[in-house]
Each structure stands twice: as C-alpha cells, then as structure tokens.
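A.B. asks: My structure is below; once you've seen it, I'll send some questions.
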C-alpha cells in the first residue's frame, strides 16, 4: 500500500517501506464548514451546553470529511489506487477547521512508491472548489426538503449488492400486486411515485396494487393503496420507448427520516459520462434469481450514449429518452425486480436527484450489456403536467 501524507516531515523515510504514513494537514476551507459558519447556517444557538455539542459536531465533521474525500478520489484519476482515508485530527480555527488526514493508496505498477503531493493537492482543489459539508447535526435537515438523507453517504464503505442501511434511501418504494413485490418505484411527492410503465403491462388495475415503504418488504415500514396509475400515452409494448408511469396513492405520507421524496432535476440538467450514480432495489442478485426481502444498493457509472449505441453494446436500440449506466465489464447492475426503481446522483450540496428509472437490459451484469434507464430530464415536463411537481 501507498500512503500520501501532508503536514509532517517524512523525507528521511526509506523508499523500501511498503507503507508510508504521514499526516495530511489540509485547510478544508470549502469542504469543511467552520463551526461558526455552521451555527449561522443552521441557526444553532450557542448555550451553556455548547462545549458538549461542539464535541459532537467535531465528531460528525470528522466523518463528513472522510466521506467527502472518499467521493473525491473515487471519482478521480486515482480511483483504481485509492483505498481509504482517516481524519486523525480536527482543529477549529477562526473561520474554518483544519483537518489532519491520512490517505492510503495502492502503489503504482511502475514501481514508484510515492505519488507527488501536487497530484493530490490538484485533485482535492479541483473537486472541492464548489463542495460543502453536511450539517453536523443531521436532525437539523428539514424533512420537507427533497433529496435529503438522514444519514450521510459513506461512499467507499458501500459494498455493491449488499443490504442498505435503514433510512439510507428513503425514497425507495416497492410496488406490489397481491402483496408480492413486482417492481421498484421512487417517491417524488407525498402522494406520488414514479416508476416504469412496463411494470403495468399485464395489469394496470389500481385496486390490485399497493405500495410498501422501508428497507424491508416484510415487515414493511408502512403501506399505501394505489388510487391511480398513469402510463405514458406513447408507451406501446413491446417497444421500450416512453417506459415511464406515475402512481398516485392514498393516504398521503408524512415525511420522516425513513420516508422522504427525491428531488427531480430541471429539464435542462445534464449529467456527464463516468459520473458516479447509485441504484437500489429489491431485485434478484443474479439472472433468474428471486427478489430480495432487504433493499440493496450498488454504485455504478453513467455510460455515454456514444458507447452505449455501439454495435457490440445496444446499437440502435437506444432511443431518445434512454441512457445507460453500469460497467461494460459487467459486475453490478439492476436485475429482475429492480424495474421502475431509482438511479440517483448527489450534487455538491449533498442533495440527491432522480436521473434514471430502471427500464431494461440484456440479462443482469452481462459484459457489454449495461442497464438501460429512462431519462428523467427528458420526461420532466410530462411529470409536471400530470402531478404539478
């Protein structure tokens, strides 16, 4: 392993050492909001208990910084070599907080044992220029706000395909017929879910459908009755175009840490290829398998349309309003039972947006056959026209 460090003098360490540990003294002026700024932004009053609260906030800031550095290097040119980071110290200063961080990397194949400081500084500076940290007290997040999680994302601690933590993806919904999971869906309002139209190809009778919330199907956190199903007017199976539907349910849900709506992007929003995105669902773990009782999560990447439309991938099957995400080598992918579920992305203010709806693909995790998703921005006006959202 290789460790990149800052803030200490390690010039006397010998090159043959397998692990080089040093402290990263990085002024996280933008990445870490100083305690004074935090109090102002979230209107926290400093009182006689401020010492204890400050201690708790420093602990949360430590975790926040680790998460943010994870995200930075996972999305960087060093992602294949990055292992982890750890905050070894936080020092509050006048307007910000200084973080001492140890970062661990795999050594390069060339045999060089170290990576230049300028490389890491350049990546950190570029990636954090517009970033901001999570609030130290997550209970301060307004539950009415869209796209907010009650717990922070720990990016490199997600083992793709593993069960999701409680409250991690509060907009995930299970669409069920006769109490049996059929498809996923995404909560976009207190009475609306968006999903895939093909989920209702054989049965679109609202009375035979219910919605389940929470990270387990059985027992569910709560259930709701479906009142109306709106399939896109131009959806004509077996064609895969316009694979989107809206579900209206009752009674309305009250937003909480475990049930929250996702944000919808503006129609003009764009998301570049290779962006890190996340899929969740109760679907099978392999082709031909059964749906799972526990919600599972996976981290994938957006694949450009130029690549997805290549002959050996999907060719001219990719139409307007579709895009691909996953990995060409296979690995993690949506599968049977994940249809209609969310593909989400996080912005630099830790707000989550729904950018895709699980639509179709050849088998599950097959080489050169990534998942294909309905493009939410393409149908943003349609969603607004039906729901007012």
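Cβ coordinates are placed from backbone N, Cα and C, and glycine is handled just like the others.
As the structure is a computational prediction, the values presented were derived from the model and not from experiment.
OK, Swiss-Prot features for this one:
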type	residues	note
TOPO_DOM	1-23	topological domain 'Cytoplasmic'
TRANSMEM	24-44	transmembrane segment
DOMAIN	31-148	domain 'SEA'
TOPO_DOM	45-389	topological domain 'Extracellular'
DOMAIN	158-388	domain 'Peptidase S1'
DISULFID	183-199	disulfide bond
ACT_SITE	198	active site, charge relay system
ACT_SITE	243	active site, charge relay system
CARBOHYD	274	N-linked glycosylation site
DISULFID	308-324	disulfide bond
DISULFID	335-364	disulfide bond
ACT_SITE	339	active site, charge relay system
A.B. asks: In angstrom units, rounded to an integer, how far apart are the Cα atoms of residue 183 (disulfide bond) and residue 243 (active site, charge relay system)?
C.D. replies: 13
A.B. asks: What subset of the recorded positions 308, 339, 364 lies within 10 angstroms of residue 198 (active site, charge relay system), using C-alpha positions?
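C.D. replies: The recorded positions close to residue 198 (active site, charge relay system) (Cα within 10 Å), listed in sequence order, are 339.
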A.B. asks: If you count the other Cβ atoms within 10 Å of each Cβ, which of the recorded positions 274, 339 comes out on top?
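C.D. replies: Result of the Cβ crowding comparison: 339.
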A.B. asks: What three-state secondary structure does DSSP assign to residue 308 (disulfide bond)?
C.D. replies: helix
A.B. asks: Report, as a single number, how many Cβ atoms besides its own are within 10 Å of the Cβ of residue 199 (disulfide bond).
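C.D. replies: Looking across every protein chain shown, the total is 24.
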A.B. asks: Under a three-state reading of DSSP, tell me whether residue 339 (active site, charge relay system) is helix, strand or coil.
C.D. replies: coil
A.B. asks: Residue 243 (active site, charge relay system) has how many other Cβ neighbours within 10 Å of its own Cβ?
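C.D. replies: There are 28 of them.
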A.B. asks: Measuring Cα to Cα, how many Å separate residue 308 (disulfide bond) from residue 274 (N-linked glycosylation site)?
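C.D. replies: Pair distance, Cα basis, whole Å: 12 Å.
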